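> When I checked TrEMBL for this same protein, it listed these features:
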ACT_SITE  CYS377  active site, nucleophile
ACT_SITE  CYS380  active site
BINDING   ARG203, THR205, TRP216, SER244, HIS247, ARG277  FAD binding site
DISULFID  CYS120-CYS125  disulfide bond
DISULFID  CYS377-CYS380  disulfide bond
TRANSMEM  20-39  transmembrane segment
Amino acid sequence: MGKTEGSSSGYGGNAKSHRICAWAAAVALVAVALAIAAGSRNAPEIPDSATCNKSCECLPGSRSYTGLVEDCCCDYETVDSLNKQVLHPILQELVKTPFFRYFKVKLWCDCPFWPDDGMCHLRDCSVCECQESEFPEPFKKSSGVLSADDVICQEGKPQAAVDRTLDDKIFNGWIEIDNPWTYDDETDNTAMTYVNLQLNPERYTGYAGPSAQRIWAAVYQENCPQYPSEDLCHEKKVMYKLISGLHSSISVHIASDYLLDAFTNLWGQNLELLYDRVWKHPDRVRNLYFVYLFVLRAVTKAADYLEQAEYNTGNPIEDLKTQSLVRQLLYNPKLLSACPVPFDEAKLWQGENGPELKQQIQKQFRNISAVMNCVGCEKCRLWGKLQVNGLATALKILFSVDGENNQNQPLQLQRNEVITLFNLLNRLSESIKFVHDLEPLIEKMERHDSNPTATS
């Protein structure tokens, strides 16, 4: 098992230190349910080319946004249109294919930052293995993962438990390559298992309290430890916006699939949560769009590699479909025309301090990835690890391999990295679509709150 780098003390922190980050104080609220204000817009026709000379501004009397997404070369209207017409439909199909729905992950927690206080054995967060009879025949080969006897099964609520059906699928043709942006314990095959993501959707789990608060406090403190936001260099601001945008997306998924009534097991949309954690915070919306374009840029930059990658799962028909969907996404003419370069990574790490700064931020992100081992709810840990790994893969593509500094190091990705990259992009795509589609309802709620005596 690898060790984290840097100081591991002070992750509990106090409220004052959290204010360094723009909205880290909200960490004390519901578990993974912070963040995003979504300024959706009417979907215009996709323009023929991206315009990179607009400024970002809010429309008068509205929370809708226009102009370029900050630090990107694609405007809000184009993002909404591309997402609705192109990316979201393709991604929804892609993540359901056999290759992309199985994620290899170490679910048993081993927190490197603070003592195990029993949080991994909470009643609502335990998991039991599914019976072998539930597995299709092609998935019954042994892969050296944990057997049912190795897992302590306890009673757990279904919304917090991970369904491990089909967790023994073997994938061939991929090699294990360390990612300099991630904590290295995820290469420990003896402690890892395959999880069907379609059986374990990202949603509300009830995870809250000191354990959940401590997770986000640790994430934000590691990302911006002692710098006032106005003094942050551009690279550190980018890193903060990535974490903030990811946090925003997680909040949207909790609000979009929320347990409204535990007694009747009624699930639905929690618009009040979306409004409180998202809609009224414009910076969270902007950061959501930013991380979406950042990850999209990584996918398009690695297009040649991803097109030629092996998507073999032993099902020729499904595998051909997977490869076709990947190509449709990578080389979609609307995407290439409207937003060919979503984010310009060449602007970062410039100057004589660039390499040193890169190593520093890389170390911080490794520690952030290690914090995911401390998440007390198993489903939250699953999706936290997947999305942080996906973001680390995007960072690896954009900043760890390039033509100038690493000419003899061609891009190499693990199978798991490709899976997390596309699943993260799908999560972000869903978040943007959700807040866009619910804009009329949220605006109606906002008007009612500002004038509660008004009749409808």
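Note that the numbers count up from 1, one per residue, in the order the chain is shown.
Note: Cβ is positioned from N, Cα and C throughout, glycine not excepted.
Situate these features within the shown structure.
Cβ neighbour count for CYS377 (active site, nucleophile): 29 (other Cβ atoms within 10 Å of its Cβ, all protein chains included).
In the shown protein chains, 24 other C-beta atoms lie within 10 A of the C-beta of CYS380 (active site). In the three-state DSSP assignment, the secondary structure recorded for CYS380 (active site) is helix.
The secondary structure of ARG203 (FAD binding site), as reduced to three states from DSSP, is coil rather than helix or strand.
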> Report, in whole Å, the straight Cα-to-Cα distance of THR205 (FAD binding site) from CYS380 (active site).
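That comes out at 8 Å between the alpha carbons.
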> Within 10 Å of each Cβ, count the other Cβ atoms, then let me know which of the binding-site residues ARG203, THR205, TRP216, HIS247 comes out lowest.
ARG203
> Taking Cα-Cα distance, which of the binding-site residues ARG203, THR205, SER244 are within 10 Å of CYS377 (active site, nucleophile)?
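If one measures from the Cα of CYS377 (active site, nucleophile), the binding-site residues that come within 10 Å are THR205.
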> Find the longest CA to CA distance in the recorded FAD-binding set ARG203, THR205, TRP216, SER244, HIS247, ARG277; express it in Å as a whole number.
21
